[in-house]
Amino acid sequence: MLGAIHLGVLAACFVLFVPMAMAGWHLSRNKMLFFSGALFISLAVCVHLTPYFPSVSDIVASVSSVVVYDHRISCINEVNQIVWDVKPVPNPESVRRNNGSTKLDYFVKNWDWMKSRKVLSCEFQKLDKFDVSDLLNGSWVVVAGDSQARFVALSLLNLVLGSDSKAMDSVRGDLFRRHSDYSIVVKEIGMKLDFVWAPYEKDLDDLVVSYKKMKKYPDVVIMGTGLWHMLHVNNASDFGFRLRQLSSHVESLVPLTPKEQEGGGSVSGRSVHLFWIGMPVLINGMLNTDEKKEKMSDTVWHEYDRSLGESKILRQMGGPLILLDIQSFTWNCGPQCTLDGMHYDSAVYDAAVHVMLNALLIESHQSL
């Protein structure tokens, strides 16, 4: 293509300047005729060169697509930028009269996205039940991991079904059966949600490989581990190694382009949206066993956090999964948002779900 352009330009120069020079020699006394001839030849050259150059509409489309792509990346990077407003309830006496109340009930927890120019340009929003129903209509959602993942699944179902609905009463009981999987189909919108108890990275790895073998892929996968490994293995280097293994399998979870299968046929390219549930801030003095206080110290926590970053499993580090920044949320919500220094108020996981949904809107090029 480049050689054709060079050849065309060379020919154009010959066609343009040789006749102009000849015309100038013979018509130097008639400047009007000279310039008319020059203009005619120039227009003819432009007509002949036009096929070798992209159209203006192509250039504009190319530039606009780059701008949209850059804006999308910028908004994904900003989606976790939320701030918290945690205040004591105005009437603590009413909380005291409630027999089932805990320390968490004495504080009102509100959150929203930061009001910086970058964040405002992304137009993030808290979605209601109807918005989420439209977004996840007909989707297969998988939430896999430890207890943090279970709380994320609960918050998502709260939003889809309505926290006050009768369906949520049974969901809470079934979802929190100790160390078990859970599955539900929301018939009204055709959404299926699977919670997979997978407290170790190897469990997540096996899950991802199973989807690859079956050639059946969820639309959304939300996963996260770390706490069990920290408590029961207590080796940050091994944690990082396991995450790198997981990352390599997640990257090949689905074909990016149609590929031929063995025995004929093709696998159509499709998009699986992948999210990682970050580890919460651990408040050591509030942990409920001596073993946890010893093995899950601040030093160990930071080693695990560093291994997570170095594993390159996260999108911000060049990996496949978008971070749901539970670390930031729990740090900013503070000790008023936890009873045991590890598991936090539902508001934290609600925020994570809204962050995930806004990222999903960006990734799937949708708007509400």
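Placed from the backbone N, Cα and C atoms, the Cβ positions cover glycine too.
Going by Swiss-Prot, these are the annotated features:
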- 1-32: topological domain 'Cytoplasmic' (TOPO_DOM)
- 33-53: transmembrane segment (TRANSMEM)
- 54-368: topological domain 'Lumenal' (TOPO_DOM)
- N99: N-linked glycosylation site (CARBOHYD)
- N137: N-linked glycosylation site (CARBOHYD)
- N235: N-linked glycosylation site (CARBOHYD)
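Counting in whole angstrom, N99 (N-linked glycosylation site) lies 42 from N235 (N-linked glycosylation site) by their C-alpha atoms. The two recorded residues N137 (N-linked glycosylation site) and N235 (N-linked glycosylation site) have their Cα atoms spaced 41 Å from each other. In this structure, the glycosylation sites under consideration are N99, N137, N235, and the one with the smallest number of other Cβ atoms within 10 Å of its Cβ is N99.
Each residue in the topological domain 'Lumenal' (54-368) has a pLDDT score, and their mean in this model is 90.
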